[in-house]
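Copied from TrEMBL, the annotated features are:
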DOMAIN    44-135  domain 'Ig-like'
DOMAIN    139-232  domain 'Ig-like'
DOMAIN    255-344  domain 'Ig-like'
DOMAIN    349-435  domain 'Ig-like'
DOMAIN    441-528  domain 'Ig-like'
DOMAIN    532-625  domain 'Ig-like'
DOMAIN    632-727  domain 'Fibronectin type-III'
DOMAIN    732-825  domain 'Fibronectin type-III'
DOMAIN    830-932  domain 'Fibronectin type-III'
DOMAIN    934-1033  domain 'Fibronectin type-III'
REGION    1085-1135  region 'Disordered'
SIGNAL    1-27  signal peptide
TRANSMEM  1047-1068  transmembrane segment
């Protein structure tokens, strides 16, 4: 809703103020929205103008003299040149732009006539705005005058100057002194160029004589370099034949100043911001040195620099505090010369109070203030519409010091006021648009704006108003007419309403009303209060190994109305991470998780998760620390060089966020193993130096690497080589071994010194030895090998041995004495009094008398017990078993022999042994082991299963371990339930029994059978089987008793042969066209048992014929079908069985072959032709 007063629109003058400071222009602009509601005229405002200096460079095509302005009505333009009116349209060579004050000067002729100072005036009926002055400069081409230069003649040792006198031109000016071949003239403390371009020589020397001193002046802005004619210098030397000692001697003298010339004082004036340059060039012999001092100060300004070998003092961008007195002092061994500079820093005009554009209502008092500072103090010139103020008098206008006062201003007082301040260092011009008018309120904010705010945060709703006089602005909510008041509501000067700490109840419609003396206007707006955005799972600080993948998680909650406008961004060090999802990209974001692939050192920093909606955002940050091995140490330095040590210092490398725990120092030597680096020393990580202990006669170089929790870093650069002088050995051989492989020899071996431990050339070893048990002198042997054999020694006697190293520099330290024995021989005696005590059926205890040490002939190794089995006591047949050995280390006289077979006869002997071998064995001792329990029966199976009985078959144990007394057979019912039946026991007292039939069993029941063999000692381990009784009596029972008879085996073979003949005949007959109705016979005789064995159906085959059981019959979990045989070849194929001598198995096997043949032939018959 927008309300307006009933007043009609009246033309109102609008004055626009232009604030011009150098190139910047500011003004009060009437908004375009206002112009759509009221008719407002505007004062002219300069919007664009050329810089204060416009140089006509010869390589530019044209030179625009810019003047652009705006206003209503459109302003008209005029120009002045050097204070006189100048009309560009009257000159056909100038190009004028339409609706603009700009004209262009083309570069196609003599530009000198356009040189001058220009000013632009932009006017309409309301007033005039003016530009600053614009100087158009037409540079001339600089040239050195054509002149003939006489040679400069100077006595050796005297000062002289070569004048350059460069032509004037557009700065900057650069001067060079060179030869004709463009080689720079060398400048130093004796020869230098001054700021004026002249070349000064403190004193002449013979080499200064030359004919091609050239001064070059360069003007880079106009791209021009000019050269002065070459100058010639002749230095006259004093040659003396009478006194050659004084020839070419230059007389010395105290300094004097060549520059500045004249008196000892000079004054320098600068403008603030310019560079101060003071120079002192002195002559004298020897060449004077120049020093600078600022009087009254202990030191030169901080910005001060000394250049040109100390002869030039520069201070860039001087300030007022750089003013003062400076002194230069030139001195040598014969005296000094001084010069004082009085430096005054002045300043161009600077605004203190720049005139401001103003919009004031009719009848008000208007104050326009203009003041500026500067050195010297600037003068102020006021203008109105570009005309000096005194030329346009007004009754209600007064000038009071730096302020213009307009009393009871009228609309006709609207104008552009110009204030121009200037001193000799510059000028400032400012345009102030003074606008006197009355306008009803015009609200520029759109009607019905929607605003969104977050609960708990601030909200700002706008109400931009244009009016004169200023409007009073009030806000109300919903249908209420009362203004919003309270600590949470604030109306700003620009009309905006700010609500602090927004609440849900603040949701609704708001109305802004603007009112002044000319009327009122109103506008409505809608405020929606949203839930705040919160990060519920912020990222956490992370330490990550370089080269791995880092993951940072961020989860946020936000107002559901922003589901399409919510975004979650990631920043690194306040810069948004660009996600392009290309193959080369290492940043991926999915479900709020930022993944950084292949982390590098550049990835360390602060990562910020930004959860953003259109009205608010929440951030959470985490520090990512990249861990890596330490960088290589740097700047390795060797110091404190000694014959056998050196100090190594280094600067640790970056530890990459994991503290260095230690440094590893390695060395490489060039003689023995060049290129092979070996560890020398480790020092703690807080050290950066170490004393390295070295060997003699070694050419070392070193490197250092750091270690932290991540790992070991790269090694440093190598040190320079350091070769130690030769020295005697530091140590003698170690790990001396004394062995006797033969009875009359002693082998001495030792660990040789490493090549690096030789400490010098010519290393050899002195081996000294003597018997320990008798008094005798040391015997010595010199050699380079690390072994020595002493011949013709007594058997096994103690010796003292010592080994000392020597090289060309001398002997090593005094060696340590070690003790050893000469060679061993076999023991010459056997243990005596060997006795055997039987502990149980498998273990006996053996004891003996120790062999005397004199009979050992070496170091006692221990004793060995050898035993072997002679026979089993079950039968009388002897058979020697494999010999077995038990080694008893040390000096013991008894041992336990385990693992014996019960009820057996054994024999054993005992012997001693040493390093050479075994001694003679003792007299054999025979002994017998008592009975034990038998081994497990190797075969135990179910052979026949009936309705109420089960037949079992087994083989006796291979090792009965005594006299078999019988078997213990047990069984129990184990149907498919958790409960089992009681255990039934059958005691079989006949040891030759290998079969048994259990009767009175329950039909169709599963039983488990247990069998153990027994001696008088007890019963052995159990073997078990399972079987299931049948529903009816099986045909297997018919031949169960006869299957073990020999005649039955022959009968079965005959039947198998006849069956084969019949099957062949059937097959031949069928191929000739004979038909056998298998289906009819099956229909007539579906039951196998009812069919019997008649010949008419013998060739038929069906799935009801008997089949072999699958798997072993040890588990009879299935019912045996009627007609199935109780025996199967499968039952025996995988078992290592022992068969009875009656041949019962052969008969069963023959019957099985018969059935297999029948099955194979029948399958062939049923195959369709």
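Cβ coordinates come from backbone N, Cα and C, glycine included.
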Leading stretch by Cβ pairs under 8 Å, where the reference is the domain 'Fibronectin type-III' (632-727) and the options are 255-344, 441-528, 532-625, 934-1033: 532-625
Secondary structure content of the domain 'Ig-like' (139-232), with strand meaning DSSP E or B: 6 helix, 35 strand, 53 coil
Counts by DSSP class (helix H/G/I, strand E/B, coil) across the domain 'Fibronectin type-III' (632-727): 0 helix, 45 strand, 51 coil
Number of helical, extended and coil residues in the domain 'Fibronectin type-III' (732-825), per DSSP: 4 helix, 47 strand, 43 coil
Average pLDDT across the domain 'Ig-like' (139-232), rounded to a whole number: 92
Residues of the domain 'Ig-like' (255-344) by DSSP state, where helix covers H, G and I: 3 helix, 54 strand, 33 coil
